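A.B. asks: Below you will find the structure I want to go over with you.
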Amino acid sequence: MRQLFHVTPSGWAGLGTAAFGILILPSLSNSYWLSVFTSMGCFLLAIAGVAFMYARLGMVSLTQVGLMGVGGWIALRLNHAFDFPFEVNLALAATATMIFGWILALPALRMRGLYLALVTLMAAGGLEIIFATFQFPNGGAGFWGVQTGSGAAFRRPWIAQSAQAYLRYVIACALLGFLCIELHRRLQPGRAWALIRRSEAAAMAAGVNVTLYKTWAFGIAGLLGGAAGALLAGSLGLLDDGTFRASESVMIFALAVVGGAHSWQGALVAAALYKVLPAVLNIWGVDANLSFVIFGAGLLHAVITAPQGIAGQLLDGLRRLSPKREARDA
Amino acid sequence: MRFAKRIGVASAILTLSLGTQAMAEVSCGMNTGQAATGAPILVGGIYGNAAPGDWSSSTDSAAAYFACVNANGGINGRPVDYRVENDQWNPEAAAQAAARLVNDTPTVAMVGNGSFIEMAVNANTYEAAGIMVMASACAISECFETPNIVSTNQGPLSSNLGAAQYAVEELGTRHVACIGLNIPNNGIWSCQAVQDFMRARGGEATAVLINPGAPDVNSALLEAMASGADTILINQPAGIALAILSAAEEQDLRDQFNWIAPTPLYDQSVPAAVGAYWWGHIYVNAELAPLEVNGPDAQNWIAVLDQYGRADDPRDSFGQAGYLSARFFTEAMLAMDPAQLDDRAAVGAAIRGITGYTSDLMCGPYYVGDADFHMPNHAGYMVKVVEGGFEIVRECYEYDSPYFEPHIALETQLGLR
Amino acid sequence: MRLARYGNWLLWALLMAAVIGVLGWGGRPQMVGLFIASGLAVGSLYALAGIGIVVLYRATGVLNFAGGAAGAAGAMTAWQLTAWGFWEPLGWLACLLVATAITLFYGRLIAPRLAWRETVVKAVATLGFALIILGAISFLWADDPRSISLPTDAVGVRLLGMRITATRLLLFAASIGIVIGIWLFLARTTIGLQMRALASDRDLAALMGIPILRVETIAWAIAGLLAGFTGLMFADLIRLEPSVITFMVIPGIAAAICGRLENLVVVLIGGLSMGVIENMLTMSPVLRGVRPIAPFVIAALVLLYYQRGQRLTFGGRD
């Protein structure tokens with residue numbers, strides 16, 4: 001039990017970062033940065049899901065943004081159909097997306113490596129078309145709930161009506177997401193995943209139900225993606241299919257690798273690259289097209305030079321700075 | 001054509017410094033000829049430029065007009081600091097642009113906005129912040145059916161109706177196939193209006209929807225053919241419209257249908273891009289006066305762009321609309337109490353008070369009024385694509401549809417009828 | 001084994017006939033014909049994109065997301081040269097050259113630095129390259145209505161009262177010709193043999209002294225040429241918009257999946273079937289809105305069909 005709740009130095013740093021994000025960051029930010037950081041928080045949660053699958057099981061999901069869209073769709077649908085509070089919508093959207101992730105996983109799990117990645121890419125392509133065709137509910141009638149003219153309002157959580165409070169809320173949700181992953185890692189599923197990652201044959205021989213645990217992992221990625229989508233819907237009040245293109249799903253995975261899939265810092269770096277870098281380039285007045293070029297070049301550079309991701313590089317740098325730590329680690 | 005842009009900017013600066021006298025006289029704001037030096041007045045603008053379309057021509061023209069105003073005494077000696085942001089067709093970027101321009105900057109109004117999504121995302125932000133938006137290139141229903149946005153252009157709904165009305169009255173159309181984008185507040189909204197209109201005229205209309213993410217447009221064209229229509233309304237941004245026309249050319253469908261389109265095809269690069277096959281066969285509704293009309297305001301717009309804009313700023317309908325929004329805004333500001341120029345609420349009230357402004361670029365008067373919907377511009381021209389340009393086939397005419405009943409009631413109330 | 005293969009073909013033919021029959025039921029035969037002709041053109045483009053991907057993947061192990069972007073760069077160059085008044089064939093040649101140069105640049109300078117990474121990471125890295133190209137093209141050529149037309153557009157044949165341009169016939173013939181050409185190349189030439197050796201076992205092939213660098217360079221060049229040709233055809237037949245051409249690779253990957261990333265004939269047939277079914281869906285009032293989903297659904301079904309009967313066990317390498 002002590003082991004379960006033991007907080008590692010990295011864990012302390014993570015909690016500290018979250019505390020900074022919740023307590024200090026919102027009051028430092030103006031409206032623009034609040035909006036940027038809120039979307040960054042939503043995507044952080046989604047990236048956490050995709051990075052976790054990659055780091056723990058070596059499974060590549062190229063459909064995470066599509067799953068966000070599913071979660072966002074469900075949250076909007078519930079919001080406009082019923083009077084549930086935001087938390088209920090969030091929980092239902094995340095759960096339904098988790099189930100969606102399972103359904104997606106069952107046939108996909110026979111595949112490995114590139115083929116698994118490709119079948120998820122096909123799912124992302126399909127979801128992109130579905131979102132573009134049916135759009136996101138905005139208070140209209142019928143199952144698809146789309147109306148023309150301005151849409152109905154989306155209810156935010158009652159404790160987080162203002163932009164500042166909503167940013168805090170999103171960061172708190174992201175923290176919960178990371179804790180959920182960490183908890184799984186320290187319990188039975190984590191041990192099973194470690195074994196599967198090493199060798200599926202060995203895992204099977206050891207009596208691990210490989211299908212169950214792989215599906216479970218997919219479900220967690222779906223849960224986090226769905227929650228991220230619902231939170232994004234709460235941030236904007238509406239969603240647009242342009243956010244959920246298949247290419248964005250590929251991009252999210254690429255950034256998770258670039259940031260470093262093995263640590264929370266990596267997910268944070270990835271989310272910052274995805275949302276904060278373009279915002280900074282925009283403020284500097286860089287042409288939106290050129291910032292694409294800078295973004296792509298940065299991505300390539302990081303993939304080439306940083307095998308453990310940017311976070312891994314940074315952490316190595318820190319370790320080198322403190323020789324005592326190095327000695328202890330050795 | 002950014003190569004050309006870079007060279008163009010350089011040569012524009014050169015001509016500006018060498019031979020300003022040789023250029024046409026411009027008329028902007030107070031026309032003092034003196035640069036404004038006072039504290040700047042902050043004005044914002046949001047445009048969308050990313051695939052699949054560039055809507056920046058409205059903010060480009062507005063920026064040129066404001067530069068001209070600033071060189072001519074500004075607004076009672078105070079220059080306009082016009083700040084624009086690109087929404088990149090991305091809802092989050094659109095929300096961030098509004099956060100930056102409306103919440104973080106004490107702008108007094110937004111002028112010249114042109115976008116496909118920005119208004120849907122930000123309509124509530126504008127209302128909450130109490131800021132008026134004098135948009136120019138609006139393509140979605142929120143631009144015309146919300147309290148804080150008024151747009152100089154007509155949007156797809158009106159422009160479609162204008163084109164369909166012309167086709168019914170002049171081309172003998174009975175059945176229109178409206179090829180729209182499968183976006184509720186754009187294609188579906190505007191094609192629905194055509195269906196209502198055709199039914200009211202005893203004809204019929206079929207909506208054919210294209211998924212914006214789908215590359216292939218040929219199947220939509222075939223679907224339109226299969227519907228039994230005699231007229232095809234290409235309710236699309238110019239890029240996709242060109243693709244439809246080239247697919248139709250390939251199958252030699254030109255003479256089997258009448259081809260009509262709303263304003264996006266009124267672009268000077270279109271006649272060359274569609275090619276000789278189509279000259280004389282495509283009828284386009286122009287929301288604002290075509291270049292051929294060339295009234296004093298149209299000439300002034302071109303002169304302003306020549307002297308204060310970039311060489312490749314598009315000379316199209318949306319550019320005209322951006323210029324007009326900026327001009328009307330400047331007039332309203334000049335008519336205000338100079339002490340209140342930094343007060344968003346007072347400026348908003350002044351904009352709502354605009355009534356009866358005229359220009360030869362617009363068929364009717366421009367007004368705003370205190371309503372939950374705004375569409376001052378619902379009369380236009382019809383032009384035909386010909387070699388090297390467009391030919392006017394019908395002068396100013398008002399569109400006849402029940403959709404405009406509340407607008408007409410408001411105009412009567414404001415004494416504009 | 002052979003029986004199973006014929007069985008697959010039979011199943012495919014039956015399914016295609018069923019889909020066309022169900023969707024086309026009640027429609028005018030001429031319309032069905034038009035939809036099939038239109039679908040074959042789109043399908044050829046999917047197939048060409050898929051063939052480029054498969055050739056490169058087999059020889060180098062890189063799944064290239066940047067082929068569409070290279071084609072877009074080529075097509076925009078061709079447009080620019082024509083707009084400047086150059087002789088048109090020069091523009092087409094430039095299209096092929098630019099696409100090949102861009103692809104070779106990646107293949108020679110960037111891909112080797114990633115050789116040690118996993119296949120999936122190598123694949124997503126090419127997306128970064130695609131973004132660089134797309135951003136640069138969009139910066140150089142601001143969005144504006146543009147089009148390219150080939151002289152073959154003016155020539156056409158009338159079939160059942162419909163006009164089919166020579167461009168479409170050319171594209172269809174080219175996609176078949178390219179498959180045959182590449183098959184002959186792989187089967188009859190030394191380089192082709194070496195490519196097949198690399199495809200079946202890279203490490204072993206390297207040990208045997210196969211000049212990997214040379215073989216890979218040739219594979220990248222073939223992929224670049226194919227990308228340029230696809231881009232030009234796409235610009236003529238569909239539309240000349242860089243972002244649309246760039247993301248054309250995703251349905252191209254769907255076509256490649258149909259051939260399990262190895263069998264070019266199946267890639268071709270798969271791509272064509274996708275195009276035809278996508279267009280035929282227009283005849284269904286329910287499904288017409290979601291017709292672009294066809295390639296993804298088909299690819300996912302094909303993948304599942306290939307995996308049938310396999311148990312979740314210790315399969316070899318991917």
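Using the three backbone atoms N, Cα and C, a Cβ is placed for every residue, glycine included.
Quick paste of what TrEMBL says about this protein:
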TRANSMEM  C:9-26  transmembrane segment
TRANSMEM  C:32-56  transmembrane segment
TRANSMEM  C:63-84  transmembrane segment
TRANSMEM  C:90-111  transmembrane segment
TRANSMEM  C:123-142  transmembrane segment
TRANSMEM  C:162-186  transmembrane segment
TRANSMEM  C:218-238  transmembrane segment
TRANSMEM  C:244-277  transmembrane segment
TRANSMEM  C:289-306  transmembrane segment
A.B. asks: Can you say which of C:32-56, C:63-84, C:123-142, C:244-277 has the most Cβ pairs under 8 Å with the transmembrane segment (C:162-186)?
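C.D. replies: If we count Cβ pairs closer than 8 Å to the transmembrane segment (C:162-186), C:32-56 scores highest.
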A.B. asks: Any chance the transmembrane segment (C:218-238) and the transmembrane segment (C:244-277) are in contact, meaning at least three CB pairs closer than 8 A with a sequence separation of 6+?
C.D. replies: yes
A.B. asks: I need to check the long-range neighbours of the transmembrane segment (C:244-277): which residues 6 or more away from its ends have a CB within less than 8 Å of a CB in the stretch?
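C.D. replies: Beyond its ends, the transmembrane segment (C:244-277) has Cβ neighbours at 12, 16, 19-20, 35-36, 39-55, 57-58, 63-69, 71-72, 75, 130, 133-134, 175-176, 179, 182-183, 199, 230-231, 234-235, 238, 294-296, 298-299, 302-303, 306.
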A.B. asks: Sort out for me which stretch, of C:9-26, C:63-84, C:123-142, C:289-306, has the most Cβ pairs below 8 angstroms to the transmembrane segment (C:32-56).
C.D. replies: C:63-84
